[in-house]
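Let me begin by presenting the structure, written as structure tokens, before commenting on it.
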Amino acid sequence: MQVVLGSLFLLLLSTSHGWQIRDRIGDNELEERIIYPGTLWCGHGNKSSGPNELGRFKHTDACCRTHDMCPDVMSAGESKHGLTNTASHTRLSCDCDDKFYDCLKNSADTISSYFVGKMYFNLIDTKCYKLEHPVTGCGERTEGRCLHYTVDKSKPKVYQWFDLRKY
């Protein structure tokens, strides 16, 4: 049943742009349709009644809750650290996205974590930002994403956008 729900969730997301569904539906309905089944924190917003409440897939949900509470985020259209988020969705520091990736990979809820990871890291075309020496190129690229950046260590670090790892 979880595999079927996960597949339906991915199908729904494949017709969306960022976290927003293109169909005309109400805000409450949107939030309910975009939260991964069996979780309260995995998706657009959350459905929890408080920070300690988790859904049926507690390990996956805990990863999503921690990710949602990242202290360094940039909302759509916001400028911060000398960067502007031109995406239609919130972007996070690479540190938070890396921790989210590792948490999902190590989760005891293997199937739900797999689908949430695939959705966030593979389907949603997003980037993260971090303080790093200026990027001079990409040493290795796959599926349109840079896997290994080359940097100029002779110059001071600046905030820049980076591709997320594939899940």
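Cβ coordinates are placed from backbone N, Cα and C, and glycine is handled just like the others.
Here Cys63 is paired by Swiss-Prot through a disulfide bond, and of Cys94, Cys96, Cys103 its partner is Cys103. Swiss-Prot lists Trp41, Gly43, Gly45 as Ca(2+)-binding residues, and of the candidates Asp68, Asp72 the one it assigns to that same site is Asp68. Candidates considered were Cys64, Cys70, Cys128, Cys138. The record in Swiss-Prot pairs Cys94 in a disulfide bond with Cys128.
The record in Swiss-Prot pairs Cys146 in a disulfide bond with Cys138, which is drawn from Cys96, Cys138. In the three-state DSSP classification, Cys128 (disulfide bond) falls within a strand.
Neighbour counts of Cβ atoms within 10 Å were compared for the disulfide-bonded residues Cys42, Cys94, Cys96, Cys103, Cys146, and the top value is held by Cys42. Proximity of Trp41 (Ca(2+) binding site) to non-local residues of its own chain (separation of 6 or more, Cβ distance below 8 Å) is seen for Ile35, Ser48, Leu54, Gly55, Asp61, Ala62, Cys64, Arg65, His67, Asp68, given in sequence order.
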